[in-house]
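What TrEMBL records for 5-319 is domain 'FAD/NAD(P)-binding'. Positions annotated as disulfide bond by TrEMBL: Cys42-Cys47. According to TrEMBL, the FAD binding site annotation covers Lys51, Asp304. Sequence annotations record features per position, and here TrEMBL assigns NAD(+) binding site to Gly175, Gly176, Gly177, Tyr178, Ile179, Ala180, Val181, Glu182, Gly263. Residues or ranges marked as domain 'Pyridine nucleotide-disulphide oxidoreductase dimerisation' by TrEMBL: 339-447. Look at TrEMBL and you will find His437 tagged as active site, proton acceptor. Annotated region 'Disordered' per TrEMBL: 451-470, in sequence order.
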Amino acid sequence: MDFDYDLFVIGAGSGGIRLSWMVAISGAKVAVAEQSRVGGTCVIRGCVPKKLLVYASRYGEDLVDAAGYGWQVETRGCSWATLIERKNREIDRLNAAYVGMLETAGVTLCPGRAVIADPHTVVIAHDGRRITARHIVVATGAWPALPSIPGIEHAITSNEALEMRELPRRIAVVGGGYIAVEFAGIFNGLGSQVDLLYRGEQILRGFDDDVRQMLADEMAKKGIAIRNRTSVLALDKATDGTLHTTLDSGGCGDYDAVLFATGRAPNSGGLGLEGAGVALDAKGAVVVDAFSRTSVESIHAIGDVTSRVPLTPVAVSEGAALAATLFGGRPTPADHNNVPSAVFSQPEVGTVGMTEAEARAAFGELDLYKTSFRPMRHTLSGRDERSFMKLVVERASQRVVGAHMVGRDAAEIIQGIAIAVKMGASKAQFDMTVGVHPTSAEEFVTMREPWAPPASPACPVSGDPGLQKS
Ligand code: NDP
């Protein structure tokens, strides 16, 4: 049977771009539909603009800390309008770069919404064009999910938070996951008064418990009011624009903005998936096997729409694996083991492998190594900020099965540690590695004594006193 294209990808986000580019440069005929802007969540309204705002928000503290090093700096604060304008320019540049990259590779871009009509046909919604393809891949990502409470229409999500006209003087951030914690840090760093309202016991559920506690303590030191066990029951908007929150605790609060970061739902509606026979799970995620194949042989799905591990680099690696499977003659399953990740909170969190609780459930006996110290940078700045690192070691094999950090540059540091964990390095191999001195990162290879809970009320401080860490 003849098809218009070998591959039709719905969604030009991180996964869809990588897949369509790889397949096109191998010589196959590829088209990709995008209803918004090429780049998807990560580039247009996620990781990239968020990280730029994180950078911006750190300068306030850095300028204060510089005084400890003799700098005499006067600041009149950050211009939100300038920041957003410059961020938008950078996003435009990246969007154009991705469009150029796809076009150079020979990918046909189909602006608009594509709907699956049958296992080999899509229809472009606005002009009714029918396009056939040997393989169809759904890479439509996810979208912020909001609870249905009265007044929720007054809330914003991370999408709007990146585009606000003014920096809110007072903001409530609802949720305790990646996005909530990151935006709480951004707004706090830029000078807003921030309340973080989380329904659970402690922020960052699913992360190592020591990391959660440490980050909550450090965020509180910076002035973020974390209110755990708190849910918003309703929002009201006053005539002056003030948002009034009613809380389940009986309390309330007034804000200029209320940001809900309460998770993301797969973009699987209205795509014709059910009609074509593609199975979805109870939450609307496309069900796939290890090779990203759906219940229909010619239709695959990658990235956040499958709700496997909703991270950009994972979507990219799923796209690359699928290109190898469908067009490279090398069936390659997606690999979701030991995926490192970072939360760009302030300070940052970096993590790879198992939490202590996960490892205990899997292996029973563990050796734990922990260190908490004031980084050298803050000896002269005087800032009361501590860093924390933890290694989780399976006792029987002495394999490092988890590494966790809270502290400046944790994201950068954990990337290197992740290679060792992925390779199955033992604690002895960590110990064998010479540290880079003087750094915080060297603590990962100098923690010698296992942590002993009853005897040590506080985490032992390891390492060389010459490091000036304390
Ligand atoms: P998460 O799933 O990480 O967190 C959602 C939070 O909202 C949780 O704290 C959850 O509470 C809470 N929540 C869910 N529903 C409700 C509700 N009805 N009322 C009140 N609170 C609620 O989602 P995010 O939106 O933060 O991020 C989505 C995904 O995007 C992440 O899982 C991550 O994979 C990815 N991401 C990655 C980033 C990175 O790599 N740095 C940055 C940003 C996003 P509870 O814990 O009780 O369930």
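Cβ coordinates are placed from backbone N, Cα and C, and glycine is handled just like the others.
Those TrEMBL annotations? Automatic predictions, nothing curated.
When the recorded positions Cys47, Lys51, Asp304, His437 are compared by Cα distance to Gly263 (NAD(+) binding site), the shortest distance belongs to Asp304.
Rounded to a whole number, the C-alpha distance linking Lys51 (FAD binding site) with Cys42 (disulfide bond) is 10 angstrom. Of the recorded residues, Asp304 (FAD binding site) and Ile179 (NAD(+) binding site) place their C-alpha atoms 15 Å from one another. Sequence-ordered, the extra residues of this chain that approach the NAD(+) site, with Cβ no more than 8 Å from the Cβ center of Gly175, Gly176, Gly177, Tyr178, Ile179, Ala180, Val181, Glu182, Gly263, are Val173, Phe183, Ile203, Leu204, Ala261. Ligand 1 lies under 6 Å from the Cβ of none of the recorded positions Cys42, Lys51, Val181, Asp304, His437. Secondary structure by DSSP for the domain 'Pyridine nucleotide-disulphide oxidoreductase dimerisation' (339-447): 37 helix, 33 strand, 39 coil. Closest by Cα distance to the residue listed as 'active site, proton acceptor', from the recorded positions Cys42, Gly175, Gly177, Ile179, Val181, is Val181.
Most other Cβ atoms within 10 A: among the binding-site residues Gly175, Gly177, Gly263, that distinction falls to Gly175.
In the structure as shown, the Cβ atom of Lys51 (FAD binding site) sits within 10 Å of 16 other Cβ atoms. Taken residue by residue with DSSP, Gly263 (NAD(+) binding site) is part of neither helix nor strand, so it is coil. Non-local contacts of Val181 (NAD(+) binding site) by the CB criterion (under 8 A, 6+ apart in sequence, same chain) comprise Leu196, Ile203, Leu204, Leu215, Met219, Val343, Ser345. Cα separation, Cys47 (disulfide bond) to Ile179 (NAD(+) binding site), rounded: 10 Å. Among the binding-site residues listed (Gly175, Gly177, Ile179), Ile179 has its Cα nearest to the Cα of Cys42 (disulfide bond). There are 18 other CB atoms within 10 A of the CB of Cys47 (disulfide bond), with all protein chains counted.
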